[in-house]
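Peer 1: Please read through the structure below; I'll follow up with questions.
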């Protein structure tokens, strides 16, 4: 019997102001853990899988139940330790310490590979936490919509003189992360064709308004794209097909998209990528019989897809890796020039990271969408001179369906995060908001990740693989008084390729919370400015100077 599978479970977080725990500082992590497993949020909630292949919220259902039980009895001077999704200890700390400290999927470097992890996983000794799955701050596909939108806008500026109208994007994957690309693309003015092998995922994205139409053949999908481009109204199409097949067929036909990328779960060749010619059912059987054969077949198909991406790049498509490590997988399968197209961070996002700008997100524990709309207005009030941000907030309200607890994400940096958090806390205090707000971020941020094939690819000083930075980030956020802190390995790009940390803090309207919020939400993005300034980026050095950071070696 698989202790991780229970189709009878239907988890929905409590809403309103009635507490199940002893304070909001423990109620918040409990609700956010539950929200990660909401049926409208998680990819496979019955298996505790939130997103990203096998990114889980808890190691098994027994561990999940025990985490909830402990949070409900935890005092405000105690800290729960969670080791790879398992609650292993409660310790006396103090009221400004984190209520939960989480470590997921971490392995000694020599053993940091999928083979060793999968053995531990089968024995019930480990859990893959992805980034926000095991750190309980996943908010559905909205979580990366704005970052993806900003990337596509940057691509239009860089490649198409700022004009995306009449252009189209080819990509793959409609899981929790990939599902953001169709909506982000149409928001940025492109049409989008996304390949997906699992029809239930296409239907999920249709239901949550991330995809406009479904197609079952390439010809049908291309006709939809052509019609949209002719009409001037962008459309997103979910095509039921294998990305490797479609990408290669487009090369064969001589059809070149304007933008090419991919967000299948290529980071996990065993669980995340369907080989060409295989059905989902056959892949599930093969995973039980011969894992090595599955991995080999998946990597062979990834090689086909990456070769097609390179060919489309040569034909004129703006081509980028969107952070799923597909280039590495293809390289290991013999595609020697797999890295000839860039990752999206060095190509489009790094200047933002240099100013500590990244995916700031917040969640209304009340469950009331009005709380989010009020915070949207507060963001506009406090940041009046950023039309791109205002445009994003307007589009998000109009086009993004909340999944689970109402939430919002917007990319803001060092100079704004603490200001916004303190304003939200004041809104809770004076009753403008009906319940506390949880504030967090993705692990994909400026100072919280070491990932040489993604966030820290091609660093100016060659420090791509130095992972001291996310470790220091987690330690500093713990010392600063975050409500929960996490340290993970392997998120986004798979085992052996990344280390990263997460932070979440509660704005409960108290004066103590204001002190913690001011510290945490200054220090956290400041570590990103520090990291990039140390690597030699002038934008980061100037930001550090302007914001008065004390960086002794600069």
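Every residue gets a Cβ built from N, Cα and C, even glycine.
Pulled from Swiss-Prot, these are the listed features:
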ACT_SITE  410  active site
BINDING   52-53, 130, 176-178, 196, 201, 242-243, 263-267, 273-274, 322, 492  NAD(+) binding site
Peer 1: Which has the fewest other Cβ atoms within 10 Å: 243, 410, the recorded positions listed?
Peer 2: 410
Peer 1: According to DSSP, which of helix, strand or coil covers residue 273 (NAD(+) binding site)?
Peer 2: coil
Peer 1: Of these binding-site residues, 52, 176, 492, which scores lowest on Cβ atoms within 10 Å?
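Peer 2: So among 52, 176, 492, the binding-site residues given, the one with the fewest Cβ atoms within 10 Å is 492.
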Peer 1: Specify the count of other C-beta atoms within 10 Å of the C-beta of residue 196 (NAD(+) binding site).
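Peer 2: Excluding its own Cβ, residue 196 (NAD(+) binding site) sees 27 Cβ atoms within 10 Å.
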Peer 1: Write down the Cα-Cα distance for residue 410 (active site) and residue 176 (NAD(+) binding site), rounded and given in Å.
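Peer 2: Taking the Cα atoms only, residue 176 (NAD(+) binding site) lies 18 Å from residue 410 (active site).
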Peer 1: So, in DSSP terms, is residue 265 (NAD(+) binding site) helix, strand, or coil?
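Peer 2: Reduced to three states, the DSSP call for residue 265 (NAD(+) binding site) is coil.
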Peer 1: Mind giving me a neighbour count for residue 265 (NAD(+) binding site)? Other Cβ atoms within 10 Å of its Cβ, every protein chain shown.
Peer 2: 28
Peer 1: Using a Cβ-Cβ cut-off under 8 angstroms and a sequence gap of six or more, which residues of the chain neighbour residue 273 (NAD(+) binding site)?
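Peer 2: The answer is 264, 265, 266, 298, 301, 302, 329.
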Peer 1: In whole Å, how far does the CA atom of residue 196 (NAD(+) binding site) lie from that of the residue listed as 'active site'?
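Peer 2: Computed Cα spacing between residue 196 (NAD(+) binding site) and the residue listed as 'active site' is 27 Å.
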